[in-house]
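Student: What follows is a single structure, and I will ask about it in a moment.
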């Protein structure tokens, strides 16, 4: 029997103490596991590894007939058998066969699977590890050495990626490629505008970026749907997760509602924490005029405070959010991811954008007034803090631009470098000389087959130690970068260029990361729906970007264009004293007279009301323009579809093809001898001695 796909590897792990105390129970579970797999019509054999207490159970299809049966079962999600005609349309790519094999093994018996899941029934089953397609991996790594400025992937390469690495990876790199290409136009215009104009806000460029963002997202939405149909993972083909026990919908929704208070608390905590850091950095640390050494220390306080509080809390929040979402027990992976997005994105967006909102809305227009307020406050109450220092002149434009450069590039690039460097460093640090017997290979008359089997086991032993990878954090990072581009390009036209530079870097680093630092992923039928959720999230970002741009254009820009001698001088100290005496004034700030220090129906009220209505109009304008773009793009798509032959699915394309330097890989050929001798039972028995 030759294996052309896989085999899927199941890790059976036990401790030496368990074997010494109850060797019979461990052996019974192991024997029952092999019996279950073999009775299910699969080939299964255990092989020992270099790691003590670990057996790799290799699982594969017995023959072509069983492969077709499981593919039909997985495609119909355990429903009625497919028709004869569907046999020719089955997706027989490597990723589809591995996913079908994984689903068949791990699905409940009641749904037609074998019921081998990670849980109480099989306590020593640790995880499933699909082997990497080595030839394809090497070809992909070779492609990363290309000197092309933008390493984007064409449709054939994306299709091949779906065949070998699964639909999740293909959707992600297809989006990243389209995103990098689309960023070229706003980047070129932004760079030209940056050298031609020194204005703080550029309204027409802001409108252009909003229109560009809407058109790009709607174009990607259509292409995403086209890819979903071609890869047989469109929404209408997605069923419930076969490995999940169904839970009544109202229980799931009730559990989800219980997480709302925690999410609100996280948003408030992050906002309050970043406000403190903002005040310390923007005002207090700049006013201190003590000894040089102390001045340096005071300047570092905001950075240290923010670094010690915000990132750890966000990491804690994401951990709690993942546990809450798992506790809710959603019926499908896509729904699980959607509810996780609802918990994580608001807090991460608060971290990403709140400091910029404070700078644009407070520091830029009112920085001098707040400086004088804090100077007066400290001079009157603690003269030793400020002394005779003069109030420094603020540089609002420079500050906001420096923040945008830091947020859009530096703070985004640093995590990418960590993801590339930390996992190999940890593996090197944890690696110790092996004292156990190296993996044995089954006797074979074919020396080449024996060598391939030995190399396969050694490679899988290393891959087992790698972490699993999901694209959730990658999509989250790209969505925040997209938000910087949409929301703040009017203040800094170089934002799209910085985002483009980072996207070109990610096209290489993300590919290298998943090829070397993480396990080979198991494709998912819910990949289409999971990635489609991020399209909706990015649409919300565009809507928020419209409001942010209008707020800057209507409220901040007119104030800055007014000569300094004609601007109303806001008496912040009087406002604070008034709020202390009458807190209800906070509910009526729109009528506050900045000069007289009291209520008035002055120009400030008119500007606030006008700004509110313009922002409301902008929010509806984005929705209307989005619908118009959808109508135009769908009309174009319908015309092209009627003029071209019906799109075929990926399964109808010829295999073993070559696309550029990326070739369709064939799995290792493991001989009959490999499958003839089981080493797991003997290894478990030997550990008892």
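Cβ atoms here come from the backbone N, Cα and C positions, even for glycine.
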Student: Pick from 170-192, 239-261, 262-284: which stretch is listed in TrEMBL under transmembrane segment?
Tutor: 262-284
Student: Do you know which of 120-141, 142-163, 296-317, 428-449 TrEMBL annotates as transmembrane segment?
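Tutor: When 120-141, 142-163, 296-317, 428-449 are checked in TrEMBL, transmembrane segment belongs to 296-317.
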Student: Tell me which range among 604-625, 626-647, 648-669 TrEMBL lists as transmembrane segment.
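Tutor: Going through 604-625, 626-647, 648-669 one by one, TrEMBL flags 604-625 as transmembrane segment.
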Student: From the ranges 100-118, 366-384, 385-403, 404-422, grab the one TrEMBL calls transmembrane segment.
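Tutor: Within the set 100-118, 366-384, 385-403, 404-422, TrEMBL attaches transmembrane segment to 404-422.
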Student: Transmembrane segment per TrEMBL sits at which of 498-518, 519-539, 540-560?
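Tutor: Per TrEMBL, the stretch marked transmembrane segment is 540-560.
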Student: Please identify the range among 77-94, 203-220, 221-238, 455-472 that TrEMBL labels transmembrane segment.
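Tutor: Transmembrane segment, as annotated by TrEMBL, spans 203-220.
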Student: Near the transmembrane segment (262-284), which residues from the same chain, at least 6 beyond its ends, have a CB less than 8 A from one of its CBs?
Tutor: 298, 301-303, 305-306, 309-310, 313-314, 317, 320-321, 324, 342-343, 346-347, 350-351, 354-355, 358-359, 363, 367, 370-371, 374, 399
